[in-house]
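Shown next, in structure tokens, is the structure this report addresses.
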């Protein structure tokens, strides 16, 4: 019987460094979601002030990474 | 080689349908050029009514332009309006009012919508009729809904107050749904939930109907209880559809304007002033066009970002 070689699953960092669409889209989605929460939360004026730039960064990142290969 | 006769025939047919002068020109064009000729006017129209106003709004957001003073000198103010909006306590309060509205409508619509879809999916006698009845509010115009709920909420003659009185025993004229600071945010949530729960139900129903029967049959063979089937099969498999409904309603309610404007106009005071009402007040009551343009761009980027997530979720559902 021959041994079946199963390649190790790549770590999250490896997946991100490979510039593949999936993990990068997740990062952009988290950034947009975080920005929306910062925009609407009632607790921190500083978080509110930086909300738009966070959403903008996430949206631009999303537009760029949607052109990455699967 | 094989494409050439077909191409010529198509160009000929188009040329025959046109006046002789233009027909001669069309005969010399390729299929691609003719296709561009047809879609060109539509693209121009889209650019004129969608892209140009967007670019113009971005430009205005960097200036001190006021629409009520068209002849005044327009000065470039850079990112000043963006800085002011992101430090403005009134806009921040409007964002929180919007958040209250968005969160509660999503929770109520999702719970009720999924519950209704789950019941309708049981296919009891007359389920088709009930589906149609449930869908009626969704088919009405928000202007109509806003108007008749204003009548329903009337403290003296409105049916809503009498229904609450019938259930709780409170005097119907003792409370005002639209005039009270405490109740008016909930009045809007109730109307939106009444109108849009059927939409969430439709999406959830599509999700429930996409679950194959053999999974439930296998679960029954394994003696899984109905409760266990619900938590292990129904809910996980319908979850992408529920997420889709949540995202769509989130985006729609974030930019909600018409219903709030008709019901309360942002009042009493600024209790129900969602961010789109603030935008309208700044643009057409205070005439701060540059400021309101910057606010519009902030809202646009937010909705665009959420729409990206929505499209991603939609693609995941399609892959299933």
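Cβ coordinates come from backbone N, Cα and C, glycine included.
Predicted automatically and left uncurated, TrEMBL annotations should be read as such.
Your range for transmembrane segment, going by TrEMBL and the list B:81-100, B:101-120, B:161-180, is B:101-120. Here the transmembrane segment (B:101-120) does not lie next to the transmembrane segment (B:34-59) in space: the count of CB pairs under 8 Å, restricted to residues six or more apart, is fewer than 3.
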